[in-house]
Amino acid sequence: MDFFGPHLLAYFIATLHFLGTLAAIHAVLTVRTAQGSIAWALSLMFMPYLTLIPYLIFGRSTFDAYIQARRQANQEMHTAITALNWRPWVEEALAARNSSAYASLRAMPKLGRMPCLANNEVHLLINGDATFSAIFEAIRNARTAVLFQFFIIHDDELGRQLHALLKEKSAEGVAIYVLYDRIGSHALPHRYVQSLRDAGVQVKAFATRSGWLNRFQVNFRNHRKIVVVDGITGFVGGHNVGDEYLGKKPPLAPWRDTHVQVTGPVVACLQESFAEDWFWAARELPPLILPDAYPEDGVLCQLLASGPADPYETCSLFFVEAIHAATERVWITSPYFIPDEAVFAALRLAVLRGVDVRLLLPSRPDHRIVYAASSLYAIEAVRAGVRVFRYTPGFLHQKVVLVDSEISAIGSANMDNRSFRLNFEVMLLTVDEAFAKEVEHMLLDDFALAHEVSQEESRETRRLQQLGMRVARLISPIL
């Protein structure tokens with residue numbers, strides 16, 4: 001006992017460094033990006049007492065067993081869906097190929113593994129009041145089934161309105177399916193969920209895998225926000241269910257976000273995306289509904305659902321393809337700006353082509369380390385010729401892309417490593433000049449409420465502040 005006493009701390013530190021070395025080797029072998037591998041390996045080698053536990057939580061970005069299990073579940077889901085003769089979009093897909101605008105999206109159907117579909121109708125929903133008024137109205141009018149998926153559901157005023165409405169519709173005989181992310185909705189009380197289940201609502205939490213350790217796994221989160229009512233009306237965008245998304249909670253209020261409402265053949269793609277996630281959580285299919293007929297005209301839409309089990313880094317490639325497609329302008333709004341090398345290079349090249357490249361970012365942080373890393377990338381973007389704007393009234397959370405005069409995309413994907421490689425995301429692309437004009441007007445209103453970062457400001461950043469930003473950027477691949 002006398003021998004171990006003085007040396008116990010030394011043994012403990014040596015053990016931590018040994019485990020850190022093993023974890024560093026694991027990071028080099030498994031983390032998807034070189035930047036992420038280097039960041040994890042160095043921190044695990046030299047500071048294992050600070051980074052070993054976070055690595056177990058954040059670092060397993062290519063957990064092969066999970067990815068294989070998810071792919072197997074997707075295959076089983078598609079086998080089950082084939083038995084339902086789920087062929088909703090043949091005529092609409094052919095119509096899309098005959099469209100002159102189809103060429104601008106030629107890579108997207110292969111990238112997203114879903115067809116580009118014609119004859120859709122889309123409506124822009126600006127901010128929380130418009131979004132949840134439209135969603136709740138659609139649910140009130142539901143007759144058959146409601147598919148409801150959000151990253152975050154809070155037990156607050158808005159969450160309780162949703163709770164009461166879902167119970168009411170379930171009592172009327174409508175099939176209600178609710179899917180929320182276990183980490184994103186970690187504060188949702190059990191009584192909230194159990195009350196819905198007691199009322200006949202099907203509720204599942206999206207989790208990576210079972211097991212004690214995976215309760216702390218914050219990678220592979222389901223960040224999608226999807227609502228489908230009766231297989232006819234769909235919603236997708238950036239909002240979650242909570243009072244802060246209505247701009248009711250300082251210091252981030254007023255909250256700026258965007259959703260889109262859609263009808264037409266692309267709603268079938270929304271249902272299929274929901275079905276994949278529901279099948280993973282429940283090992284059964286939700287009701288999938290096709291309307292008797294679709295409109296004979298409308299706009300071109302492409303759903304892009306991305307996730308860590310994809311054969312490609314779908315979300316990152318989406319941004320690269322959208323930026324490369326621009327000949328006149330590409331305007332992007334995101335709460336976080338931590339691009340990978342491919343996306344940042346695409347932005348640089350767009351500037352060199354003479355494209356009007358603009359980024360709209362928040363002026364206040366919700367996560368300080370992420371904001372610091374984002375700020376350094378924003379400074380570098382300004383120096384590369386990108387026009388960077390900071391939205392000043394409140395927190396900007398919308399995820400919108402506008403390319404030239406026809407192409408727009410609205411959904412859940414941020415411009416950061418987590419959306420690019422670790423989370424499940426969904427974006428709705430629309431090819432239509434009139435809708436793009438609506439998005440343009442919305443963004444022009446946002447730019448009018450924003451402060452443009454000048455070249456001089458980017459040079460005036462204090463050295464200590466720059467040091468903090470660079471440290472934050474160093475760990476940005478693992479944020």
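Glycine too: its Cβ is placed from the backbone N, Cα and C atoms.
Features as listed in Swiss-Prot:
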type	residues	note
ACT_SITE	HIS223	active site
ACT_SITE	LYS225	active site
ACT_SITE	ASP230	active site
ACT_SITE	HIS397	active site
ACT_SITE	LYS399	active site
ACT_SITE	ASP404	active site
DOMAIN	218-245	domain 'PLD phosphodiesterase 1'
DOMAIN	392-419	domain 'PLD phosphodiesterase 2'
TRANSMEM	8-28	transmembrane segment
TRANSMEM	38-58	transmembrane segment
Quiz item: In angstrom units, rounded to an integer, how far apart are the Cα atoms of LYS399 (active site) and LYS225 (active site)?
Solution: 12
Exercise. Return the member of HIS223, HIS397, ASP404 nearest to ASP230 (active site) in space, with distance defined Cα to Cα and candidates limited to these active-site residues.
Key: HIS223
Exercise. Let me know the DSSP-derived helix, strand or coil state of LYS399 (active site), please.
Key: coil
Practice problem: List the same-chain residues at least 6 positions away in sequence whose Cβ sits under 8 Å from the Cβ of HIS223 (active site), in sequence order, or say none. | Solution: PHE151, ASP181, GLY184, SER412, ALA413, SER419, ASN423, PHE424, GLU425
Quiz item: If you draw a 10 Å sphere on the Cβ of LYS225 (active site), how many other Cβ atoms land inside?
Solution: 25
Quiz item: Relative to the Cβ of ASP404 (active site), which residues of the same chain, six or more apart in sequence, are found under 8 Å away?
Solution: ALA325, ALA326, THR327, GLU328, ARG329, VAL330, ALA436
